[in-house]
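Trainee: There's a structure below that I have some questions on.
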Amino acid sequence: MIRYIFITGGVVSSLGKGIASASLGALLQSRGYRVRLRKLDPYLNVDPGTMSPRQHGEVYVTDDGAETDLDLGHYERFTGVSARQSDNITTGRIYQRIIEKERRGDYLGATIQVIPHVTNDIKEFVLSDPGEGVDFVLCEIGGTVGDIEGLPFFEAIRQLGQELGPQRACFIHLTLLPYIPAAGEMKTKPTQHSVKELRSIGIQPQILLCRCDRPIPVNEKGKIASFCNVRLASVIEARDVGHIYDVPMAYHAEGLDSEVLSHFGITDAPPPDLSSWQRIAQTIKNPDGQVTIGLVGKYTDVPDAYKSVSEALGHGGLANKVKVDIRFVDSEKFDDPDAALEDLDGVHGILLPGGFGERGAHGKMRVARYARERNMPCFGICYGMQLSVVEAARNLAGIKNASTSEFGPTKEPVVGLMEEWTKGNEKVTRDASTDLGGTMRLGAYPARLKEGSMVAQVYGSLEISERHRHRYEVNASYIERLEKAGMIFSGMSPDGRLPEIVELEGHPWFIGVQFHPELKSRPFEPHPLFASFIAAAVKQSRLV
């Protein structure tokens with residue numbers, strides 16, 4: 001029997017529903033249960049693929065090529081369960097699907113309405129394809145209770161709660177308890193009003209997860225329980241912690257997983273095994289050293305734009321038992337060829353993340369040259385790899401007009417638009433006029449590594465699979481000239497047509513990858529490239 005847990009949020013946005021969902025999933029996993037986590041996003045975009053990182057943060061790509069919300073990255077990192085296209089839905093995708101069915105005549109002339117057609121599609125999404133042997137499906141509802149665009153989702157889960165019954169459905173509401181210094185007390189009224197709003201649409205939460213920055217007094221917990229109609233033990237203190245990987249243990253200490261099991265009447269659950277989380281906490285609290293990594297991109301004012309990269313760097317630190325201090329550096333500042341690169345002083349490694357467009361790209365190329373000439377560890381990802389190759393083509397291979405066609409027409413397209421590639425058994429064709437949404441090379445693709453290369457040593461294998469999200473690729477017709485200049489194309493697509501990994505001959509650690517390795521890194525299994533990169537940064541820190 002599959003049980004469903006719905007996580008909603010109130011009072012304000014950005015309370016951490018994604019981390020809360022991932023943490024609860026990890027706690028249930030630690031007791032031997034199998035979980036699947038899903039995200040329901042109320043916005044009208046079909047997916048976040050064309051949304052600005054400044055508005056939405058990063059786009060998280062799954063193995064099967066879905067462009068999804070960054071919360072799915074939290075789900076994967078905390079539980080190790082690979083997300084799928086079927087684990088993220090938006091209002092836009094639901095409406096798109098319904099309109100397609102209406103145009104085909106599937107509704108046989110019926111009037112299409114939010115209730116029942118939209119809500120039925122939402123319910124179908126929640127219940128469909130949970131996976132084999134899954135015990136719990138956790139569904140996070142994006143946005144805040146009371147948002148107009150979220151009403152169909154709340155109505156759908158209300159109906160599911162009624163249809164499944166309390167033995168199979170549980171509602172958890174994440175809320176805020178602000179502390180007012182002038183009054184010297186914690187205020188429960190926002191939580192009461194948030195729950196009142198939720199109850200007005202027919203949902204009675206069984207558990208309240210109360211975000212706060214200090215302990216909740218017992219009398220305040222009692223007041224919340226009384227006015228929100230929940231058990232006292234179901235008012236869970238979700239106090240701020242030092243690191244997100246402390247959250248599962250903090251929530252367990254407050255009894256969150258026990259309350260969930262109690263609601264479902266499960267009395268024979270095995271005790272949780274949190275030893276792996278405890279080891280991570282110890283490493284985070286007691287590192288053997290510290291390194292500073294310069295993350296050079298154009299969205300550095302919005303750290304969520306590089307969420308998975310930041311997390312993967314931290315995982316690399318865990319693998320090497322060091323703290324990783326990330327210095328976010330705006331690449332646009334370096335577009336001016338006369339601008340000093342003093343922001344890179346004191347860093348022990350440089351990471352050039354993915355991105356799009358010409359703005360900030362020339363600055364990234366200057367930074368790639370800086371790292372290349374100073375023998376500093378440098379890790380280029382996706383666009384970062386492409387720009388590193390363009391820089392080397394200009395300044396090592398002597399191809400003065402080398403550029404990327406992403407900037408516009410060029411005589412020397414060292415990086416060009418991919419027009420054809422293979423996805424499974426299907427040939428995919430694109431051109432410059434193709435729509436932007438969902439038209440990139442997306443999802444997991446295999447690659448073959450060059451025997452004896454640095455990456456082959458790092459991976460410990462000659463065959464790998466990594467996730468991609470790109471429209472441009474290094475032009476294979478330039479490989480011979482670039483290799484003569486000292487570049488090593490150490491990873492290629494199985495058909496030998498698409499360069500996937502590049503190294504720099506004679507450099508202690510200079511690797512560029514066309515894929516996004518950060519998407520497959522986990523705290524318990526740091527990605528080998530990030531572990532190796534941080535190891536190189538540790539070595540660099542001892543040289544300066």
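Residue numbering: from 1, along the chain as shown.
A Cβ is built for glycine as well, from the same backbone N, Cα and C atoms used for every other residue.
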Trainee: Of ASP71, ASP87, ASP301, ASP304, which does Swiss-Prot put in the ATP site with SER14, LEU15, GLY16, LYS17, GLY18, ILE19, ARG239, ASP240, VAL241?
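Mentor: Record source Swiss-Prot; matching candidate: ASP71.
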Trainee: Among GLY349, GLY355, GLY443, GLY496, which residue does Swiss-Prot annotate as binding L-glutamine together with TYR383, GLY384, MET385, GLN386, GLU406, ARG471?
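Mentor: So, going by the record in Swiss-Prot, that would be GLY355.
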Trainee: Which residue among the binding-site residues THR188, THR191 has the fewest other Cβ atoms within 10 Å of its Cβ, if you could check?
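Mentor: Taking THR188, THR191 as the binding-site residues, the minimal 10 Å Cβ count falls on THR188.
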Trainee: Out of these recorded positions, GLU140, GLU406, GLU518, which one has the fewest other C-beta atoms within 10 Å of its own C-beta?
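Mentor: If we count Cβ atoms within 10 Å for the recorded positions GLU140, GLU406, GLU518, the smallest count is at GLU406.
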Trainee: If one measures from the C-alpha of MET385 (L-glutamine binding site) to the C-alpha of PRO190 (UTP binding site), what distance in angstrom results, rounded to a whole number?
Mentor: 48
Trainee: Here's one to test understanding: among the binding-site residues GLU140, LYS187, LYS189, whose C-alpha is closest in space to the C-alpha of GLY355 (L-glutamine binding site)?
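Mentor: For GLY355 (L-glutamine binding site), the spatially nearest of the binding-site residues is GLU140.
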Trainee: 10 Å Cβ neighbour count around SER14 (ATP binding site)?
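Mentor: For SER14 (ATP binding site), the 10 Å Cβ neighbour count is 9.
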Trainee: Which one is closest to TYR383 (L-glutamine binding site) in space, judged by CA to CA distance, out of the binding-site residues SER14, PRO190, THR191?
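Mentor: For TYR383 (L-glutamine binding site), the spatially nearest of the binding-site residues is SER14.
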Trainee: List the Cα distance (Å, whole number) between GLY16 (ATP binding site) and GLU140 (Mg(2+) binding site).
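Mentor: One finds 11 Å between the Cα atoms of these residues.
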Trainee: Pairwise over GLY355, TYR383, GLY384, MET385, GLN386, GLU406, ARG471, annotated as binding L-glutamine, what's the top Cα to Cα distance to the nearest Å?
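Mentor: 14 Å is the greatest Cα spacing among the residues binding L-glutamine.
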